[in-house]
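Have a look at the structure below, then the notes.
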Amino acid sequence: MDRVYDLLEGMRARANDLAGEGHRRAAGGPATGLVERDAMVHQATVRLRALDVEAEGIVFGRLDFDDGESFHIGRLGVRDGLEPLLVDWRAPAAAAFYRATSGEPLGVVRRRVIICRGPKVIDLDDDVLSPERAGDLRVLGEGALLAALRRSRGPHMRDIVSTIQREQDEAIRAPAPGVTLISGGPGTGKTQVALHRAAYLLYTNRGRFTDGRILVVGPSTVFTRYISRVLPSLGEESVHLRSLGELVEGVTATRRDRAYVARIKGDERMRDVLVELGWQSPPSAPRRLRLVYAGQVLTLDAAELAAARRRVRVGCEASGTGPNAAGPTAAAVLVDALWQQVEGRHLDRKLFAEEVGDRDELHSFRRAWWPTLTPTEVLGWLGDANRVIGLDPEAAETLAATYRSRTDWSVDDVPLLDELAELLGEPPAAPRAPEPEWRLRELTTGTRTVATFVLSCGLREGWELYAPNLATPFALAGPTIDNDAIGAAQRWAEAVILREGHHVVGWTDGFDPHGEEGYVPVLAEPLPVEEPDDDSAADEPYLHVILDEAQDLSPMECRMIARRVEYASMTVVGDLGQATHPLAADTWPQLLARIGKRQIRTLELRTGYRVPQVIADYAARALAPGSAPTRSYRPGGTLSVRQVDDLHTALRDAVRQAPRDATVAVIAADDRAETLAGLVDAPDVVVVPASLVKGLEYDHVIVVEPTEIVAAEPRGMNRLYVVLTRAVATLVVLHHAALPAALRDADPAERPTG
Ligand SMILES: Nc1ncnc2c1ncn2[C@@H]1O[C@H](COP(=O)(O)OP(=O)(O)OP(=O)(O)O)[C@@H](O)[C@H]1O
């Protein structure tokens with residue numbers, strides 16, 4: 001350990017030097033300074049970040065083999081010269097650490113988990129693997145695992161890199177291509193596996209899965225915040241972690257709609273509603289066009305404009321053009337509709353189309369009548385039930401009512417916005433000003449970062465400005481600047497160069513391309529403009545997408561995901577027993593079909609690490625018949641179910657009795673959670689609506705009035721199952737009304753175990 005830490009110290013110093021050196025080079029100013037600096041600083045930052053994971057205990061394992069060999073395993077690989085000192089946990093050699101058992105030792109005679117606090121070893125936990133002990137071991141590194149499970153819970157999930165179990169490791173290291181489905185009950189480590197898998201894929205596919213090419217999608221922002229520290233602690237920061245409400249650029253939705261609204265918004269029929277909507281007339285569109293041509297007043301009234309709109313749609317749909325690219329078609333259809341009114345007057349049709357088509361009035365009318373639309377404004381039109389085409393009147397009114405009263409977007413709106421973005425399409429690209437010739441030359445010769453312009457006092461035509469690599473001046477000052485007025489010439493040159501996207505950083509002496517006298521060369525660097533390369537990088541599709549809590553996706557959410565995974569491999573993670581969306585798929589093949597994928601590899605996690613058995617057994621009563629309950633490894637646990645007269649007083653008491661140094665959550669149906677939030681004023685206690693608790697966990701959970709949770713939505717029993725499986729140590733159920741039938745027969749009494 002000491003050798004590793006010494007070496008890391010040296011690496012950190014070198015990384016710091018590298019960053020410093022990069023900055024110095026840029027300041028020194030040779031032509032390639034910026035490029036080099038950028039590369040060096042980037043490399044050094046990545047390095048430094050990797051070294052920062054040290055805080056979590058960089059060395060955590062050791063394997064001894066039957067041939068006398070041994071090595072240590074850590075969060076990153078470290079070499080001392082040629083000698084490997086630490087093997088990265090993701091390297092193939094380290095797999096035995098998570099796989100070897102007495103029954104199948106893989107050559108390992110001892111597996112040691114090293115438990116550290118910073119650079120200090122505080123404990124060791126050894127598994128001695130021998131054939132006599134085959135079948136002995138329930139888990140790998142039992143002592144270390146128990147220690148990890150007993151560690152107090154913070155506001156963020158911690159990685160499990162030193163205690164990953166065999167079935168989890170198999171899921172983490174499954175090959176990247178195709179679709180890997182990882183299912184398992186609550187607390188079996190699915191989220192942990194998903195995140196460790198992201199880190200594993202980055203490590204094993206370096207070069208392919210570069211920055212931002214892996215996307216992890218979770219159900220809510222509370223959830224993504226909770227798990228946000230795991231990947232950085234594994235030394236990986238380049239994975240995109242997004243909640244479903246954040247998948248559309250510029251929108252961050254955190255609220256979920258009520259089940260009856262979510263059912264409408266999540267239904268695939270919404271696609272047809274949105275298609276109709278996208279072609280409808282914007283509320284602000286003018287209702288009459290009036291134009292004078294050759295002394296005649298031409299008008300198109302509301303009905304004629306509506307007919308013209310239909311014609312535009314038919315034409316565009318036939319050619320696969322979206323509404324936002326339909327501007328030119330719309331203009332042509334308007335001109336044609338106006339022509340109908342002058343037909344028979346012996347006018348020239350071609351001339352008419354050219355003249356009217358060029359009129360500013362026609363352009364401005366077209367822009368107001370057929371504007372470029374954004375998904376957010378179009379979705380807002382659904383506040384008018386008449387615009388909802390394709391749903392029955394009752395559903396249309398329900399939908400419209402949510403948009404009339406809305407102040408923000410819900411998570412259920414995000415797939416609709418995404419769908420609209422696709423349906424509306426991009427506006428046609430504005431014609432770009434032609435690139436100056438010198439810049440084209442500069443771009444193709446690759447010297448984009450630093451350019452040396454030359455300001456020369458030409459003997460014939462006054463001041464001339466040369467661009468890099470060009471023998472002819474690209475700007476001439478003409479006689480306006482005196483040949484002796486160097487200051488004025490420099491100001492002129494600075495202005496021209498600025499217009500070209502560079503700014504002058506210095507003036508030195510030199511020669512112009514013709515070696516003429518009276519020269520003043522200029523150094524210029526590009527302005528910090530948005531690099532086109534960056535844009536295209538943002539648009540680059542993901543190469544691997546990991547979907548957590550996938551059981552809950554509605555058909556419309558599946559479409560949103562499908563658009564992102566057309567060319568990507570995937571890891572789908574979830575538990576059908578926890579499916580709460582009213583339109584959630586009943587089977588995994590059905591879900592995968594909705595995403596446009598076929599299942600090729602299925603792995604199941606069977607052991608739970610979150611919920612103690614006593615609580616898991618109680619929660620399993622809420623599980624649909626036929627679903628297998630999870631076998632829990634976590635010891636201990638207390639369950640208490642109390643019928644009370646006054647819920648609020650009982651809740652205050654329960655909060656007061658909750659352990660101090662633990663995370664405590666009160667979970668209730670969404671409506672009740674709102675009222676309870678004001679009631680619970682202990683700073684460390686959170687009140688969480690049942691609809692947002694998925695994926696989260698707390699030491700001490702107080703569930704209030706389970707019947708309300710069940711009654712709130714069609715899959716209320718599944719929701720209750722999710723709620724009851726959030727507790728790591730204690731579950732208190734408070735109810736005034738009767739419990740749901742499934743929970744009733746074995747409720748009362750405090751039931752401590754372990
Ligand atoms: N191998 C392990 N070592 C230590 N802790 C573990 C291990 N596997 C899982 N855990 C812990 O068990 C808890 C549950 O893990 P996780 O949230 O990943 O489960 P999940 O299957 O995603 O649950 P849910 O379906 O309820 O969302 C977490 O606290 C996690 O750190």
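Including glycine, each Cβ sits where the backbone N, Cα and C put it.
Look at TrEMBL and you will find 163-612 tagged as domain 'UvrD-like helicase ATP-binding'. Summarising the annotation, TrEMBL assigns ATP binding site to GLY184, GLY185, PRO186, GLY187, THR188, GLY189, LYS190, THR191.
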Extra residues within 8 Å (Cβ to Cβ centroid of GLY184, GLY185, PRO186, GLY187, THR188, GLY189, LYS190, THR191), ATP: ASP575, LEU605, GLY608, TYR609, ARG610, THR630
DSSP state at GLY184 (ATP binding site), helix/strand/coil: strand
Close-lying binding-site residues around ligand 1 among GLY185, GLY187, THR188, where CB distance stays under 6 Å: GLY187, THR188
Same-chain residues at least 6 apart in sequence whose Cβ lies under 8 Å from THR191 (ATP binding site): MET157, GLY218, ILE227, ASP548, VAL573, GLY695
List of residues, in chain order, with Cβ under 8 A from that of GLY185 (ATP binding site) and at least 6 apart: ASP575, GLY577, LEU605, ARG606, GLY608, ALA628, PRO629, THR630, THR725
Surrounding CB atoms that lie within 10 Å of the CB of GLY187 (ATP binding site), all protein chains: 27
DSSP three-state assignment (helix, strand or coil) for GLY189 (ATP binding site): coil
